[in-house]
Every structure is written in structure tokens, then in C-alpha cells.
Amino acid sequence: MNRRKRIYIAYTGGTIGMQRTPSGYAPVPGFSDLVNEKIPPRLAISLPELVMHEYPRLIDSSDIRPAHWFAIARDIADRYDDFDGFVILHGTDTMAYTASALSFLLRDLTKPVIVTGSQIPLVELRNDAQNNLVTAIELAADYPIPEVALYFNGRLLRGNRASKYKATGFDAFDSPNYPWLADVGIFIDLNTDALLPCPAETAFELPAYTHNDVRVAHLYPGLTGEQLLALGQGARALILRTYGVGNGPASDTHFMDALRSLHAAGTVLVNVTQCVQGSVTGSYATGTALARTGLLPAGDMTLEAAYTKLYHLCATGLSGQALADAFLTPRCGEVSA
């Protein structure tokens, strides 16, 4: 007789478990009871064994901080040998950041870690929560997915390739620079060619949490070198969100001098396109000029992946050129070759 699979569900907060309060929807304790109410025993018997852990301090995902990523990753690592798969319930606003961060903290997975949530709480009669939850559980229990993935509304996405694109739509998440890992309809169509290879053994790179100064600057017409310098001074890394394929105001000497000054001071500079789809390349003279200041191309990485990768690398103790070299090295499918 086959052993019944065991799935660990970490409820961190988010819309999926929210209920109405006088101040509006808010995360409240008791999500496990709500799940038992919505999925009665006669239906739950077809699911794997579920172990629900409700975090003591539930959070709205807009309140997520990097320390939470490390705590969630440590929670999974500590229970890794006891379960067949893992589901992280999370709010949608920063879900892609958390999925990306976990992909770097929990590298070389041999079991699925599925991050999901909903746009409408499970407590409401009409919701997307139950389908997302049940499907995430099924994916974690029955499919060979050796990586951190984000499941939402029929789409299974690589965690560090996903971004939230719609504020209110059920199809809120997509992965425009990488194929879906699975297309879920009547059947679950797993794209095995898109999955990371399963390693022989797990080797997490999970350093202790430390505060690391990684900052983001959004390029817009009129951003001055003085403003950029003020934002970047003292940072270990600065992401510049540029136009198109990595372009910026190369003819603005003050702006270019600010980049050179930051680079000379040891700040790692990273070039991430503002565009939803596409990659940072050296196709235009303006982009090439930016690269000469020390700005590193992030390729087709999402902002979420670039930020969390830098944060993780800083936590391992890297800085300066060692940090720059490590950033340019693909780690877990976050960037195309």
C-alpha cells in the first residue's frame, strides 16, 4: 500500500485567510478551521495528509520585510525531511519577491515548494482561494517539481521568474520571459522541459539574516545625478531600472559621473529594464555607455529576482567585486543564458 503523502502548509497571512473587520479585510487567526469548514472530511480524504502551521504574527504582504524571507526559508529547511512537499500561503502584493527570495535561499530542492494565495479570501462565497489552495497542495504532493514555484489561477510559474501584473484580476501573475512550469485546466500539463533538474541531494545556501543595504532607483526623465548619488551613497548594491534594453541618459555628464562615483565607492550597480518583457542588452550606444560606468546587465531577470538575489548574496558576506561576479553567475534558473 502506498504511503500517504505529507504536505506542510505555512500560513503567513495574506488575502487568502483574511476576514472582514471594521477596518476592512485583515489577516486573522483560525485559518485551519476555515479550511476544514470549506473542505469537509468527505472531500479532504482524497488529499494528502496536511499539517497546517499558522505563523504567530500574521502579516499583510505589503508589510513583508527581508527578515521574513529568511524566517520562512528556515522554517522549510527545519522541516524538510519530514514532508513530501510544501505550500506557502502568502499575500499577493509581494508574493513574487518572496518566491524569488526562497528560490535562492532554498537552492537544489528535491521537493516542491509552492507559493500561492488569492485575490478574494477563502471566507467569501465567491473566491479564487479554494482552487489555488487545493491545486497547490496537489502539485506539492503528486508532481516532481524540484524548485520554488508560484501557483496562481491555472499557472505554475518559476518563483524567480514571476511578477504580479494585475492588481485585481484572478490571472494576476505571469512569467513573460520564461515558459510556465505547468498549465492547469481540466488536466495538469507539466512542462518537464522547463523544470530545473533534480539534484542528487539538497544543499541549501541559507545564511543567517543580516540587514543588507540593497536599493532600487527608477529611471525617469529628469532624474539627476545628484538625486541618484544621494540614493545610492552607502549602499552595497543599487539596481537602476532603465529604459528599454538597458538605456539611460548617457549624454548627462552629471548622471554618468554619479554612476562612476558610486562604482568607485564599491557599490555594485545593476541594470534592470523597466519593461515587462525583454532583456538588458548592449544594442544601443546609451546602454553601452552605462555599462562602461560599471553597471552590470541583469539580462531578462525580473526586478524581484535581481533584488532578492543581491540581498541573498550580500547575506553570504559578499561585497564589491566578489558580489558583482556572483551576481553575474546564474544560480537557479533566474536568468536566460
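Cβ atoms here come from the backbone N, Cα and C positions, even for glycine.
The domain 'L-asparaginase N-terminal' annotation in TrEMBL covers 6-191.
TrEMBL lists Thr15 with the feature active site, O-isoaspartyl threonine intermediate. DSSP assigns Thr15 (active site, O-isoaspartyl threonine intermediate) to a helix in the three-state reduction. Neighbour list (Thr15 (active site, O-isoaspartyl threonine intermediate), Cβ cut-off 8 Å, at least 6 residues apart, same chain): Tyr25, Gly91, Thr92, Gly117, Ser118, Gln119, Ile120, Pro121, Ala129.
The active site annotation in TrEMBL covers Thr15 (among others).
Ser61 (substrate binding site) has a Cβ environment of 20 other Cβ atoms inside 10 Å. The annotation substrate binding site is assigned in TrEMBL to Ser61, Thr92, Asp93.
The secondary structure of Thr92 (substrate binding site), as reduced to three states from DSSP, is coil rather than helix or strand. The feature active site is assigned by TrEMBL to Thr92 (among others).
The feature domain 'Asparaginase/glutaminase C-terminal' is assigned by TrEMBL to 214-327.
Take the binding-site residues Thr92, Asp93: by the count of other Cβ atoms within 10 Å of each Cβ, the lowest one is Asp93. This prediction places the mean pLDDT of the domain 'L-asparaginase N-terminal' (6-191) at 96. DSSP states for the domain 'Asparaginase/glutaminase C-terminal' (214-327), grouped as helix (H, G, I), strand (E, B) and coil, give 48 helix, 22 strand, 44 coil. Summary of the substrate site environment: with the site residues Ser61, Thr92, Asp93 set aside, the chain residues having Cβ atoms within 8 Å of the Cβ mean position are Gly14, Thr15, Asp60, Ser62, Ile64, His90, Gly91, Thr94, Met95, Gly117, Lys164.
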